[in-house]
Amino acid sequence: MVFRKLPGVSASGMGLRLSQKFVFLLFLSGLVTLCFGALFFLPDSVRLKRIFLSKTEVQPVTVGSGSENDVREHLKRPKEPEHTRDMTPGKGETKSRKPSVSNEATEERLAGGKAQEDLTVSRSKADSLMERVSDAHIDANSDTFNFKKFQGCLLKPALGRDSGSTADPKTNDRREKVKEMMKFAWDNYKRYAWGKNELRPLTKNGHLGNMFGGLRGASIVDSLDTLYIMGLMDEYNDAKEWVQTSLDLNSNGEASLFEVNIRYVGGLLSAYYLTGEEFFRNKAVELGEKLLPAFNTPTGIPRGVINLGSGTSWSWGWASAGSSILAEFGTLHLEFVHLTELSNNPVFKEKVMSIRKLLNKIEKPHGLYPNFLSPVSGNWVQHHVSIGGLGDSFYEYLIKSYLMSDKTDEEAKKMYYSALEAIEANLVQKSPGGLTYMAEWRGGILDHKMGHLACFSGGMIGIGADDGAPEKRQHYLDLAAEITHTCHESYTRSTTRLGPEAFRFDSGAEATATRLSDRYYILRPEVIESYMYMWRLTHDPKYRDWGWEAVEALEQHCRVESGFSGIRDVYALTASHDNMQQSFFLSETLKYLYLLFSDDDLLSLEDWVFNTEAHPLPIIRKSCLQDEVTEEKTVSE
Ligand code: DMJ
């Protein structure tokens, strides 16, 4: 530093005054630092501390900050900047990440009650343990999610008054039958395929597959909530223990972002919300973090495949021009919003909000959303539109985002009803025989085919009916009923009374498969899912009867000696089994059947939305949760 001589002041005099000033300033800054530092030692309730150290300063770290990946630490450490890294398409993400550790100090085992008769006891033991678990957590992490308050914000107990059993003996018998099917499917999985992803019921072994990036136990994670709501507590406890001790998230394989999200993240989140077991939450957040590198694209639209170990992500080889799939990147919203809710880490919600933003802004042909989008340019890659495979759950997540936000997410609402209008204007058709169906759209040309997957839309349109424009509400409910009826027809027109993978409405066909390759049934849930929603919305007994027809058909054609199997041809008299008990049979098909034969207060739609794998996620009542937080803080002061 250079000092210029001031007029009338000697060099030595100036030096003295400056050094006095310097010492004084040094003293002053030391005093300020000491006072500020002392704030950290004050109790949390002191107002001064909250003024100077605002919430944002005690938020958890975001992923991408290297070694800050420990979940326990994540709940406590100060926020560090997110290091977003651009990834050339298909090029490796190289950041190494240390394994996370779950918070096992607060874990307790539920008492293993006997299934039927001990159910109430098991649950109440579970509940009191759960309270202790969540209390411990509240003490340890006062800034994070408060499970007890969450329970207080539910309008009804999650499991209903009498665990959902109905006053009608016939319906209760049917419910018991579905529970027996679940136990049979589960017992065989446990016996022959424990820890693998699915059971192969004919060869009596397990299947790992390549969708989950080396993660194991898909059937276990997918079954947790179904076992729990059915009161199969011994089985639930086995599943829980496996997740706690053996679900290893440090795998190093190529996973479908979508499948891992809907089955594993969704399954863990629901298990947490139903039981309050902290390790479910920690594992969900830890796994969610491992999915984040897939979003490191120029547009923020994630790629479909990710290596869970290295974080490298790329697009499906079969997806045209390296594009991402609408139903995949559009089916993350519910889970990611809950990950932010439970971790207090905004990064998850930010990721899905930027997908939303892009989709809201982009130009849509005739108001429709094509199935393929480039994660690099953010443009549509080809104009194939479908409410079935490749598109389906994107629409589902729009209306469910609105409902899950306690009807505050106006953007999702607007996007959903505009999309539905475009679907009605362009895709909804009436067959010569009077069946309403959803065709597919290929650059303006209609393909008069409806996939089994598209049959979820009866339920979706049903649950959205009430929030549509007043003059449209009855119309939407009618449309939902018509679509559900058509899907039921696709079942009744087959020899097995199970529906084909896709059915057509051309060349004289009416809700039947015309191609050999479309005749299979792989234990899919979508038709039964719509029966369940339509039952809850209308209480028309035909939906329960249709569900029962499906139970009988499943028993007759899909039940084999050691589990349930898909079949290759729904029109064949002698079944040819595909030797696969899909994990979604346990999480969705049997759960929706069980709910269909239960009272409406078991997982009430007033409190819960189901993710696309039928994992229940609670409606987020922000004002209720926040009010209580304020009250508690005031009390503690
Ligand atoms: C499930 O994994 C989910 O429902 C998904 O949205 C679509 N496919 C299967 C069931 O058919």
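Cβ atoms are placed via backbone N, Cα and C, with glycine included.
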Seminar exercise, completed: Going by TrEMBL, the cysteine from Cys455, Cys558 that pairs with Cys487 in a disulfide is Cys455
Seminar exercise, completed: In all the protein chains shown, the tally of other Cβ atoms within 10 Å of the Cβ of Glu526 (active site) is 25
Problem set entry | Nearest of the recorded positions (Asp392, Cys455, Cys487) to Glu526 (active site) - Cα to Cα | Cys455
Exercise. Relative to the Cβ of Cys487 (disulfide bond), which residues of the same chain, six or more apart in sequence, are found under 8 Å away?
Worked result: Met450, His452, Cys455, Gly458, Gly499, Glu526, Val527, Ser530
Problem set entry | Close in space, distant in sequence - Asp392 (active site), Cβ under 8 Å, 6 or more apart | Ala327, Ser386, Leu453, Ala454, Phe456, Ser457, Thr612
Exercise. For Asp392 (active site), what is the secondary structure by DSSP, using just helix, strand and coil?
Worked result: helix
Problem set entry | Structural state of Glu526 (active site), classified by DSSP into three states | helix
